[in-house]
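Have a look at the structure below, then the notes.
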Amino acid sequence: MIKGVPYLVTVAILALEFSLASAYDPSPLQDFCVAINYTDSAVFVNGKFCKDPAYVTANDFFFPGLNIPGNTAANKLGSSVNLVNVDKLPGLNTLGVSLARLDFAPYGLNPPHIHPRGTELLVVMEGTLLVGFVTSNPNKLFTKVLNKGDVFVFPIGLIHFQFNIGKTNAVAFAGLSSQNPGLITIANAVFGSNPPINTDVLVKAFQLDKNVVDYLQKQF
């Protein structure tokens, strides 16, 4: 009986490693798998169907336009994010990466959010950003002021933000470790879910007056 314990421990460790590995984009078993909609000849890989390699072209690996500033005026927070993921660049399928351009008006904010499937590596191209992320409990904040050329990393699944503290526009680019990193904006998720979270839950969780919760829910 005792001899079986190390074996069970080994199996448990291997099972844990497998579960951790499968939590990220899997490594490709081929050079590429350009994503397409279903056809009879398509092969299903990583949530997408693979285009027949005979019909793949350079355009499948190409996306234009990240030189164009985002429209920060269209967002009441004064920010714009143009994410190039597998839905926009089909050649990213199975490669485990994506890219985003972030534009900020003066004092524009990319509000607290998480990427459930990707770590984010941010580089500032213009302007000055206050950035930070919060760890899991006990919720320690790591924050830094970034200037042109500075780089900051936001670990996968942690709440983070970027805020333009300058009087001029700011631009940053971010690489993410997933072809589809996902996005959960905290305020929108909590106060703008569909259907809405029960008001009593939010009143107790945030220790707020019901009228305040009602007001916040109407904002989203």
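Even glycines carry a Cβ here, placed using N, Cα and C.
TrEMBL does not curate its annotations; it predicts them automatically.
As recorded in TrEMBL, the features of this protein are as follows:
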type     : residues                       : note
BINDING  : Asn110, His115, Glu120         : oxalate binding site
BINDING  : His113, His115, Glu120, His160 : Mn(2+) binding site
DISULFID : Cys33-Cys50                    : disulfide bond
DOMAIN   : 64-214                         : domain 'Cupin type-1'
SIGNAL   : 1-23                           : signal peptide
*Rounded to the nearest angstrom, how far is the Cα of His115 (oxalate binding site) from the Cα of Cys50 (disulfide bond)?*
25
*Might you list, by sequence position, any residue in that chain lying six or more from His113 (Mn(2+) binding site) with a Cβ less than 8 Å away from its Cβ?*
Ile159, His160, Phe161, Leu183, Ile184, Thr185, Ile186
*To the nearest whole angstrom, what is the C-alpha distance linking His115 (oxalate binding site) and Cys33 (disulfide bond)?*
23
*Compute the C-alpha separation of Cys33 (disulfide bond) from Asn110 (oxalate binding site), stating it in Å without decimals.*
32
*Counting across all protein chains shown, how many other Cβ atoms sit within 10 Å of the Cβ of Cys50 (disulfide bond)?*
22
